[in-house]
Structures are given as structure tokens and as C-alpha cells.
Amino acid sequence: MNVTRNQRVDLEVVANLIPPQSRVLDVGSGDGSLLELLQDTKQVDGRGLELSQRGVNECVARGLSVIQGDADKDLEFYPDKGFDFVVLSQTLQATRNPKLVLKELLRIGNRAIVSFPNFGHWRVRMSLFLNGRMPVTTDLPYSWYDTPNIHFCTIRDFVNLCDELGATVEKATALDANGQKIGLSMPWWFWNFFGQQAVFLLKR
Amino acid sequence: MAALRAGKTNNEADQPSSPVLRFGLDKPLKLDAGTLLSPFQIAYQTYGTLNDARSNAILVCHALTGDQHVGSTNPVTGKPGWWEVLIGPGKIIDTSRFFVICSNVIGGCLGSTGPASTNPATGKPYGLDLPIITIRDMVRAQQMLIDHFGIEKLFCVLGGSMGGMQVLEWASSYPERVFSALPIATGARHSSQNIAFHEVGRQAVMADPDWHGGKYFEHGKRPEKGLAVARMAAHITYLSEAALHRKFGRNLQDREALTFGFDADFQIESYLRHQGMTFVDRFDANSYLYMTRSMDYFDLAADHGGRLADAFAGTKTRFCLVSFTSDWLFPTEESRSIVHALNAAGASVSFVEIETDRGHDAFLLDEPELFAAINGFIGSAARARGLTS
């Protein structure tokens with residue numbers, strides 16, 4: 001939602017986790033890029049939920065099945081296990097109640113895929129450490145007073161939340177500043193330091 | 001206009017200038033009121049050609065005072081079809097690609113059996129002897145028309161307002177016969193406020209001495225004043241405060257100053273009077289009573305144990321709902337509650353809210369965002385249905 005530079009890479013990582021013909025709900029579907037990618041390459045049965053009315057109208061005009069709604073409020077209307085995959089791409093940090101949203105994702109989908117910007121990235125740490133100011137980077141371009149990102153977390157924070165909710169991390173990927181995957185063999189602290197974005201595949 | 005004025009009877013009611021399908025005593029229409037309507041007839045229009053697979057049919061459901069003349073000149077008013085902006089060769093609903101059907105609803109006054117039609121038992125117009133007609137009755141009749149065409153599954157059913165109610169009823173009652181559904185500016189039930197406005201309209205008609213307990217044709221009269229007032233009140237609900245202000249403000253009508261009388265000093269008064277007058281030329285007063293009642297009685301959730309999602313349980317139909325920001329007759333929340341029910345039923349659903357100040361009537365107007373949404377939805381549904389462009 002607010003990370004633009006490596007958006008494609010993030011989407012491709014997400015898309016690669018989804019097998020063909022799956023039933024997918026994309027929460028925070030934005031301009032519909034992921035849904036379109038999944039429909040074109042994986043023939044999925046895709047639905048979207050998007051906050052911005054403009055984004056929704058554009059999606060529907062492009063033939064995508066999208067409704068206007070709020071991840072914080074409208075997930076409760078979806079039935080249990082209604083989808084094979086529920087995707088929350090670059091939206092978790094903008095939700096009012098990330099824990100509840102994550103819980104809902106795990107209820108609605110057999111699997112949940114969550115991607116988010118890592119607030120533990122060294123650039124973010126350095127910004128606060130050296131300047132003593134809230135970090136503003138190219139990927140997180142907002143000032144503290146106008147940011148829609150009200151609930152930042154680090155990769156470690158997110159892993160802890162997953163533990164708390166009893167969710168199993170089936171797969172995790174961290175992307176560096178160039179959108180390259182960080183080697184699987186690296187330890188968590190390394191990911192948490194050098195990963196600019198993270199993509200998690202979760203199971204209840 | 002001539003059709004209604006001449007001899008104060010409604011020729012279109014019995015002998016419509018569009019095709020008409022007549023059902024004899026062997027094929028009665030079962031009504032929710034608990035009786036049978038028989039014989040009865042459905043007047044309809046079609047545009048385009050039904051393909052060999054009979055898979056390209058689109059049913060358009062008309063609103064409260066609409067009719068079957070959706071894409072061609074109205075024989076009563078001489079005006080263009082009510083949705084010609086949308087439907088026709090090369091238009092968004094392309095009649096060189098799709099077979100479009102639109103029928104006058106049961107209870108209407110342009111050729112389908114309604115209160116202005118001749119009651120075969122008496123040789124006089126039905127008047128209030130016609131049983132109350134519900135949205136489900138209208139849809140049941142349409143289904144018999146679709147059977148007549150040998151169409152198993154409609155590619156799309158669409159309509160706005162009361163037409164949207166029919167779309168929802170179609171999708172709920174005959175899910176296997178509806179591939180895609182496009183209800184616009186509508187609700188799954190008529191709200192208390194909407195029933196209230198309808199009641200004002202009905203009381204205005206019935207207060208007119210020319211109404212004669214519904215037997216006005218027999219007295220050679222028509223309750224024009226009452227029906228005009230009903231239309232004036234209703235028309236306000238189709239617009240928005242912002243649009244009225246933009247269009248008329250407090251502007252005076254053909255005068256420099258207030259007259260200190262009860263003439264139409266203001267443009268808005270003159271406009272409403274004109275709306276009322278032109279309406280009575282094309283619509284039957286009793287039919288107006290029946291149409292408004294059908295909407296009042298509509299409550300899809302109540303028909304399914306109070307849970308709207310159950311009205312759509314297991315549906316495979318693709319849905320797209322549209323609402324308008326300034327529509328206070330069917331506000332966005334009405335559409336949203338349908339969307340939530342469809343979500344709960346696991347249905348495929350799109351939902352677009354369009355920003356406009358044109359109120360409820362926006363669905364009948366040239367709204368680019370509405371057309372873009374319909375185009376996108378119909379296009380992707382057509383691909384899924386295997387219809388080539």
C-alpha cells in the first residue's frame with residue numbers, strides 16, 4: 001500500500017506462494033495488480049477488499065471482483081475457511097488492530113500470506129539512532145504526523161505475534177533493499193537487520 | 001400521451017404496441033397473495049439476437065414507473081427508451097452481441113396484466129380487484145417469459161431501484177438460472193422511510209375525488225391531481241438536496257419578484273408541477289398503488305428466516321452492486337448490507353459506490369463511472385461464460 005519501489009518483487013514473491021486455481025481473497029487489493037497477476041498466471045478465483053473507493057472502482061472497471069471495505073471492520077462478514085489463501089500485502093501496518101486482523105485472516109483462509117515493511121531494517125534503526133528523528137526513507141516516505149502506517153513492526157515482532165496467535169510459519173522470505181531474497185540459511189537477527197520487506201506464509 | 005388521454009382509457013394496457021405473451025387458463029400465475037392470476041399477459045421488448053447456445057440473454061428489470069421500452073422509443077411519450085444511454089448497438093450493453101429482454105412487470109400499465117387491464121370476469125378494468133402483486137410475483141412471471149424463449153440460464157439480470165429488487169429476487173429464487181446479477185441503487189428491503197413516502201403518494205391518489213375507489217375508468221375520470229402530487233413527492237426522493245440547489249437554488253420562475261401568492265414563484269415548484277403533469281399522461285393511478293405496494297412488501301431476509309445470507313446460500317452467481325453517494329432513497333448502507341450477506345454466503349461479489357450529487361436517479365443518467373463498472377463486470381462475466389466479443 002505504501003511501499004512502491006519494490007512492489008513488483010513483493011507481489012511476485014506472494015504470487016509464487018499460491019498454487020493455480022486457488023480461491024484467493026486479497027485484503028487491501030489496491031489497484032488490483034496482485035489479483036490481475038494471479039488471474040492471468042494462476043487462473044485463481046480471486047476477490048478483493050480495498051479501502052479506497054477509487055481503487056475499487058478501477059478494479060471493477062477492469063473486471064476484477066472487488067468490494068470497498070475496511071480490513072479492520074469488514075473481515076468478520078466472511079465465512080470460516082472461505083478461501084484457500086487470504087493475502088494481506090503491505091497493509092498490516094496501516095490497520096487499527098493488527099492482531100485481530102491477523103486472527104481474522106487465519107480464520108477466513110486455510111493459509112494467510114502477509115507481507116509488510118520491516119521496521120527493524122538497519123536504515124530505520126540508523127535514522128532514529130543517529131538523527132533522533134522518526135525515520136523517513138524512500139520506502140517509508142511519510143512524516144510521523146501524516147503517516148497511514150500506525151502499527152509498524154519488525155520481523156521479530158511479527159514472529160512473536162504469530163507465536164502468540166498459535167499460527168505456524170510455513171515459509172518466510174525477507175527482501176533486501178534491492179528486492180533480492182535474503183538467503184534462507186541466514187539467522188533471524190540477520191533478516192531483521194537487512195530485510196527491508198518480509199513475506200510470511202502462515203497456517204492456523 | 002394520446003393513448004392515455006383519448007377516451008380516458010388505457011389502450012396500451014390490453015393491446016400494447018410491443019410484443020405480448022398471453023397465458024391461458026392452463027397456465028396461471030401463482031401469486032404470493034395466495035390466489036392465481038389467470039388468464040394473464042406479459043408485454044415485452046427484445047433487442048439483438050439470441051445465439052444458438054441461448055447463452056447471451058440479458059434480462060433488464062424496470063423500476064417503479066418504468067416499462068419494457070428500455071432501448072427504443074416509448075409509444076406513449078414518444079421519448080427515447082429509458083436506458084438507451086446504456087443499451088443499444090455498440091453501447092455498453094451491446095445489442096449486436098447480447099439478446100436483451102425487458103418486460104413490463106405484472107401490475108404495470110403498459111401491456112402486462114395490471115389494474116388497468118380488462119378483467120375477463122367483468123369486462124371492466126380490474127381496478128382494485130387485482131390481487132396485490134409482489135416483487136416475487138413479477139419475477140415468477142418473468143421466469144415464464146424466459147421459459148417461452150427456451151433460455152435455461154440468463155447471462156445477466158440487471159436493473160435499478162425496484163428493478164434491482166427483482167434482480168435480487170431472481171438471484172435468490174432461481175440461482176441456477178442467473179449467471180451474473182447487477183442490482184443497482186437498491187435494497188434487500190424497503191425501509192420504513194421509503195414505505196412512508198409511498199404511503200403519502202397513495203393517500204394523495206386516494207384523496208382525489210376522481211379516484212372513485214379505484215373505479216375511475218367507469219366514471220370516465222382519472223385522479224390526475226392526486227397522482228401528480230404523488231409523483232411530485234416521490235420525485236424529490238429521487239434527487240438530492242445538493243442537486244436541487246445546484247439546478248434551481250431559490251431562483252424565481254419567469255418573474256422578477258415574489259408574487260405574494262401561491263403561484264409557482266420558484267423554479268423548483270414549476271419543475272415539480274411539470275413532473276407531476278407529464279407523469280399522469282403516461283401512468284395509471286391504480287398501477288402506481290400496486291407498484292409502490294410491491295416495493296413496500298419486499299424484504300428478502302424476512303423470506304429467509306431473517307438472515308439475508310441465507311437468501312443466497314451456495315450461490316454460484318457473480319454479483320456486482322452499485323450505489324450512489326447522494327442516494328438517500330437507497331443509501332450505500334443498503335447495498336453494503338447485501339454485500340456483507342453475499343460475503344457470508346461465499347459469493348463472488350463486486351461493489352462500487354459512485355460519487356455523484358445526482359441522487360437516486362443517477363442510475364438512469366449518463367454516469368461514466370457507472371458505465372465503466374458495468375462494462376468491466378459484464379466483460380469479465382462474458383469471458384467466464386465463454387461469450388466471444
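The backbone N, Cα and C atoms fix where each Cβ goes, glycine too.
Per TrEMBL, domain 'AB hydrolase-1' is recorded for B:56-365.
Look at TrEMBL and you will find B:Ser161 tagged as active site, nucleophile. When other Cβ atoms within 10 Å of the Cβ of B:Ser161 (active site, nucleophile) are tallied across all protein chains shown, the result is 27.
Feature annotation from TrEMBL assigns substrate binding site to B:Arg231, B:Asp361. A C-beta separation below 8 Å, combined with a sequence spacing of at least six in one chain, links B:Asp361 (substrate binding site) to B:Tyr238, B:Leu239.
Sequence annotations record features per position, and here TrEMBL assigns active site to B:Asp327 (among others). In three-state terms derived from DSSP, B:Asp327 (active site) belongs to neither a helical nor a strand segment and is classed as coil.
The active site feature in TrEMBL is assigned to B:His360 (among others). Neighbour density for B:His360 (active site): within 10 A of its CB lie 23 other CB atoms from the protein chains shown.
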Listed recorded positions (B:Arg231, B:Asp327), ranked by Cβ neighbours within 10 Å, top entry: B:Asp327
Using Cα positions only, nearest of the recorded positions to B:Ser161 (active site, nucleophile) (B:Arg231, B:Asp327, B:His360): B:His360
Cα distance (Å, whole number) from B:Asp327 (active site) to B:His360 (active site): 4
